Structures are given as structure tokens and as C-alpha cells.
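Some features that Swiss-Prot has for this protein:
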- Glu243, Thr246, Asp247, Glu312: Mg(2+) 1 binding site (BINDING)
- Gly329: Mg(2+) 2 binding site (BINDING)
- Gly360, Asn362: Mg(2+) 3 binding site (BINDING)
- 50-339: topological domain 'Mitochondrial matrix' (TOPO_DOM)
- 360-370: topological domain 'Mitochondrial intermembrane' (TOPO_DOM)
- 402-443: topological domain 'Mitochondrial matrix' (TOPO_DOM)
- 1-49: transit peptide (TRANSIT)
- 340-359: transmembrane segment (TRANSMEM)
- 371-401: transmembrane segment (TRANSMEM)
Amino acid sequence: MECLRSLPCLLPRAMRLPRRTLCALALDLTSVAPPVAASGRRANLIGRSRAAQLCEPGRLRVAGEVHRFRTSDVSQATLASVAPVFTVTKFDKQGNVTSFERKKTELYQELGLQARDLRFQHVMSITVRNNRIIMRMEYLKAVITPECLLILDYRNLNLEQWLFRELPSQLSGEGQLVTYPLPFEFRAIEALLQYWINTLQGKLSVLQPLILETLDALVDPKHSSVDKSKLHILLQNGKSLSELETDIKIFKESILEILDEEELLEELCVSKWSDPQVFEKSSAGIDHAEEMELLLENYYRLADDLSNAARELRVLIDDSQSIIFINLGSHRNVMMRLNLQLTMGTFSLSLFGLMGVAFGMNLESSLEEDHRIFWLITGIMFMGSGLIWRRLLSFLGRQLEAPLPPMMASLPKKTLLADRSMELKNSLRLDGLGSGRSILTNR
């Protein structure tokens, strides 16, 4: 009863409280319910304690704060448990390989990067963050530091042979890398760019023979009709070629963006800013920015060659498409011409068939009595139809013939001889004047 009496005083205060605090208080009030068989004194004490809790606004704030604190703890624990785990493969300067798993939060804290820097993107890019080089190549992500190379999440990829056989030897200097005398990041960048160029070259070498074989089969003049299965294969190969052209274009644009900015070239030389000895060598004679520019220009040239080869294939596909359309148009013209010839034959036959219609009427004449009249009339009908059909075909042939090129008007022989004689006279006059002048000058 005391609790009920205090409700009118507490309602205005409760309306000002947030909804979460009210829910917490409601759960607190209903969590411990007194038993039904409790004594009256115990019920009275419980009612007074609940009323005292309701009457103290400070307790309300504390309860709300405790509830919010518990919620934040639970959310942080949930986020920590759901944080992605990277499988990291580490390569040092000597080519030693170590693999381990690390959470994303721990990894970017160790590297001094932001969370957005380790976000996966399917677009090729080369960026520098906090003296770290981040290279993204569709499904491959690498972080290059002055001391090591980190490959992130190579799982479910066919990279084991390249990662564990070729890459360590290239980084340690045993491979055929041009940048072996330069700092470690040059070798790492060259190895990754070489791998990506080889991947694009492999895709092109697979597509090129398939496309050429399909085009040869479609453009072959021995086949009068076009095979639909070959067209479907050509369509699929054309889509793959378009994807390859897009990959090459993105690769070229990403490298060209770095080549256009001198600051980016300087930032890619991470050992220059972390190692004093490398900085002294760069200041003394070896310009690392120029070496990086030459390296990127070399791979840009290789990508440009791949782009030209892919463009040639695209031109061949377009030319073959026009040839296929021409062949289809010629076949369609042949069918239309045949249809027109049959129509003219039907017209000529029906025109002379009127003679048979006249004999089929119920008219009496003396011609039916002669047995030779039937064969005579039939012969006249077929001969007349054949003659008219031939005339119509000759008319159609004259109309469909290609027009001859205009003939050039030929000059008569007399004018040509006159022109030659005039040229000879002029040359003789010039020679005579020249000899006379020479004699005068000698005298």
C-alpha cells in the first residue's frame, strides 16, 4: 500500500527517465518476487524497501549506468570474438618463411596502420602508409616493410608454389632480379610486379590460341553456314578478353599514377627514411627515387605490350565479326534471289495455264475430238512459260549486275605526239642558250 501511495509522486520523475533505465528498474522489481505464503510483516518490509528504491532518484541513475556499462562490456566482447583473423606469411631479407595467425586489430596496431588500410579491395593499388607499402592485386594483399614482406590470407588460392618456392629465392638474391643490390623493398616490389605480369601473360597465352582457332573455324570459306556453338565459344572468350583488358588497364593506371607524382616515388623508398646508411648512399650517388621510377617504367612497358596484344585480338574479333556478317548477308541474298526466281517461274506458268482453264470450261468445240490437241496445247503452255521465265531471269540478271567503274577518257595520239615535240623543242632551246652563254664567258 505504501508503494501504491508513493506512485503519484514518482510518475512525473519516471517520465523524465530514459526508457533503458525504466526497463532496468522493471526487471529489478520483478526479478525477485515474494512468495505467496509469506507473512504480512515480510511483505511489508519488502514493500518499504521497494518504495525506498523508487523514491531515490540517485539510485535510479546508478542502476541505469550499471546497465549501460554491462551492455558495453558485452558488445566489446562480442566484437573482439568476431574480429577477423589473418593468416600471415612473413618473408625476411634472407628468404626465411614463417606463417602465423593474427587478429586484424592486433596486426594493424603492430604495423602502425589504420583499419581501412587492411581492407580487401579487388582493384589493384599501391599505397604508402606510415612507412609501409601496401600492394593490392585483386585477391593478393601484401605489406612491405624495410625488414620483411607480409602476405595476408593466401588461403584458397593457388599460390603455394610461387610463395614457398620462387618468392624466397627472389627475396634472398638467388633469383634473377635486377634490383638485388638495392634495398629490400625494391626486391619485394619487383617480385610482386613480376608475378602479376606473369599472371596476366598466362591469361593472354591461354586465350589467344582459343580465339584464333575459333575465328579460323568461323571465317573458313568451306563452311557455308555459321556454327552456333563456335559463336557461343567466341562470345565467352570475348568476355574473358574484356576482363583481361580491364585488369591490364587498371595495372597501367595505378603505375602511371605513381610515375606522375615524385612524392609518391620518394615515399616508396621506405628504407631511405628508416635506415641512415641507406639515406647517406641515396644522398651520395645512388638516387633511389630514380631507380624506383625505372623499375615501374619497365613493368609499365611490359603491361603496355600486353595491352597491345589484347587490342590486336579485339581487332581480329571485330574484323571476323564483319566478315561473318558479310557471309550471312550473301547467303541471305542467295536465298532471296532463289525465292524471286521461283516466284517468276510460278507467274509464267500460271500465265500460260489460262489456256488449260479455257479447255476446262463446259464449252463445246471440235478440238476435243482430236487426240493430238491435248499434247499440242500442253507443249505450247510449257514452251511459253519457259520463254517468259528466261526473259524474266535475264531482266533480273541485268538489274542485279554491279555497275562498271567509269572509264577514263583517253587522249588522242596526235595530241600526245604534239606535246612530246614541244617538250623536245624547249629542251633544245635551253641547251643552245646554255652553250652560247658558256662560250661567251670563256672568251
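Cβ coordinates are placed from backbone N, Cα and C, and glycine is handled just like the others.
Structure with Swiss-Prot features highlighted.
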residue: Glu243; record: Mg(2+) 1 binding site; CB count, 10 Å: 12
residue: Thr246; record: Mg(2+) 1 binding site; CB count, 10 Å: 10
residue: Asp247; record: Mg(2+) 1 binding site; CB count, 10 Å: 21
residue: Glu312; record: Mg(2+) 1 binding site; CB count, 10 Å: 11
residue: Gly329; record: Mg(2+) 2 binding site; CB count, 10 Å: 10
residue: Gly360; record: Mg(2+) 3 binding site; CB count, 10 Å: 8
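In this structure the C-alpha atoms belonging to Gly360 (Mg(2+) 3 binding site) and Glu312 (Mg(2+) 1 binding site) are separated by 71 Å. The separation of Gly329 (Mg(2+) 2 binding site) from Thr246 (Mg(2+) 1 binding site), Cα to Cα, is 33 Å. The distance from the Cα of Glu312 (Mg(2+) 1 binding site) to the Cα of Gly329 (Mg(2+) 2 binding site) comes to 26 Å.
Beyond the transmembrane segment (371-401), the same-chain residues lying 6 or more positions past its ends with a Cβ under 8 Å from any Cβ of the stretch are 337, 340-341, 344-345, 347-349, 351-353, 355-356, 359. Shown for the topological domain 'Mitochondrial intermembrane' (360-370): DSSP residue counts in helix, strand and coil, namely 4 helix, 0 strand, 7 coil. Each residue contributes its Cα atom, and for Gly329 (Mg(2+) 2 binding site) and Asp247 (Mg(2+) 1 binding site) these two points are 36 Å apart.
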